[in-house]
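Presented below is the structure to which this report refers.
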Amino acid sequence: MNLDRYRNIVRETERKYINVNPIQRGGVLTPEARKALLEFGDGYSVCDFCEGLLHEIEKPPIRQFHEDLAEFLGMDVVRITAGARYAKEAVMSALCEEGDVVVADSLAHYTTFVAAEKAGATVREVPNTGHPEYKVKVDEYARVIDEVEDERGDPPALALLTHVDSEYGNLADAEKFVKICRKKGVPALLNCAYTMGRMDLSNLSPKPDFMVGSGHKGMAACAPCGVLAMREEWEEEVLRGSSLRGDVSGREWPHKEVEMLGCTVMGAPIVTMMASFPHVVERVKRWKEEVRKTRWFVKEMERIEGVRQLGERPKRHDLVKFETPGFHEVAEDHPRRGYFLYEELKKRGVIGIQPGQTETIKASVYGLTDEQVEHVVRAFHEIAEEYGLEVS
């Protein structure tokens, strides 16, 4: 066993390169969060003065943060989880019984299916429009919910909509979704992994029953951390306390929330989320600027021969997927095959596209300066021209 490999683990990507990986752009730490990371990096560092519940700790101000975060989101109750997937899991575990059905969009993240499976439920999908836009047909939630009820005699246990999907970056109609669910009497969960911390969600009306988000994907926090927000009426059911009692010891923990396994995220992740929170509150006000940069990025990328943006047009979110047949043709004859594009970009100071992928690529310029976005575009243009692709 060679232990030396662990003695100097470093990561130079953010210092040396512009990172356009969509899952990382919203999780870049603020200077305040980096400082907090050093202060609270030791294990149970937030538990110096804990009276039994992590979300009630007042120093650091975790209890106050839960209240402020709920206000920021326009929801009633919040818990910090180890990621959006664990927030979904908590809701499904509380609401679903063996054999129940969860209705979800056909662009839902794989963790929606895994969480449902773990809860003993199955998933019925709502279709999308297919190539090239892949827009979720939100109106179809009503039909699918009715079909489930007709087949089973009971409505679905839960309906879930991915606010912005991780494949094409489409912004779905959350308010229409919630209205349909209200009318059908089905709890509505909005997966905001790519919108919470980027966009202002406080004005959604009507509110979903549940909203989940990602701290490390969208709130400038280190992993693993996420958010479960809910309307007050669900607090008792989803955040129920433990009811078991030890038959020998007689011990019981009625204040420990079952779906949270008593306590959730402690230490560096929650503290970095808190430290970045003032910045996040301000940056959601600049969302239109992020959309402007994204649309310019798309326009410049589509100057390259064959490049075509997939998903809804014009873009309303920073996550972009492109068809890149020209780069794919180059890759077929290149000694490095699909890795050539990643390597050519890295030589020009840009990383973040999936290594080996040239048929389609995903990227985000969220949080970059105009000059950095121009650098990214210039890198793609130079590579295209070097390999004989026309740039108009």
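Backbone N, Cα and C atoms are what each Cβ position is placed from, and that goes for glycine too.
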Residue among N128, N191 sharing the pyridoxal 5'-phosphate site, where Swiss-Prot lists A84, R85, S214, G215, H216 as binders: N191
Using Cα positions only, nearest of the binding-site residues to K217 (N6-(pyridoxal phosphate)lysine) (A84, R85, N191): A84
Local backbone state of R85 (pyridoxal 5'-phosphate binding site), from DSSP in three classes: helix
The one of R85, N191, S214, K217 whose CB sees the fewest other CB atoms within 10 Å, among these recorded positions: R85
Set of same-chain residues at least 6 away whose C-beta sits under 8 angstroms from H216 (pyridoxal 5'-phosphate binding site): G27, G83, C222, A223, P224, C225, G226, P269
Cβ-based neighbourhood (8 Å from the centroid) of the pyridoxal 5'-phosphate site, residues A84, R85, N191, S214, G215, H216 excluded: T81, G83, A87, A193, V212, G213, K217, G218, C225, G226, V227
Cβ packing number for G215 (pyridoxal 5'-phosphate binding site), 10 Å threshold: 33
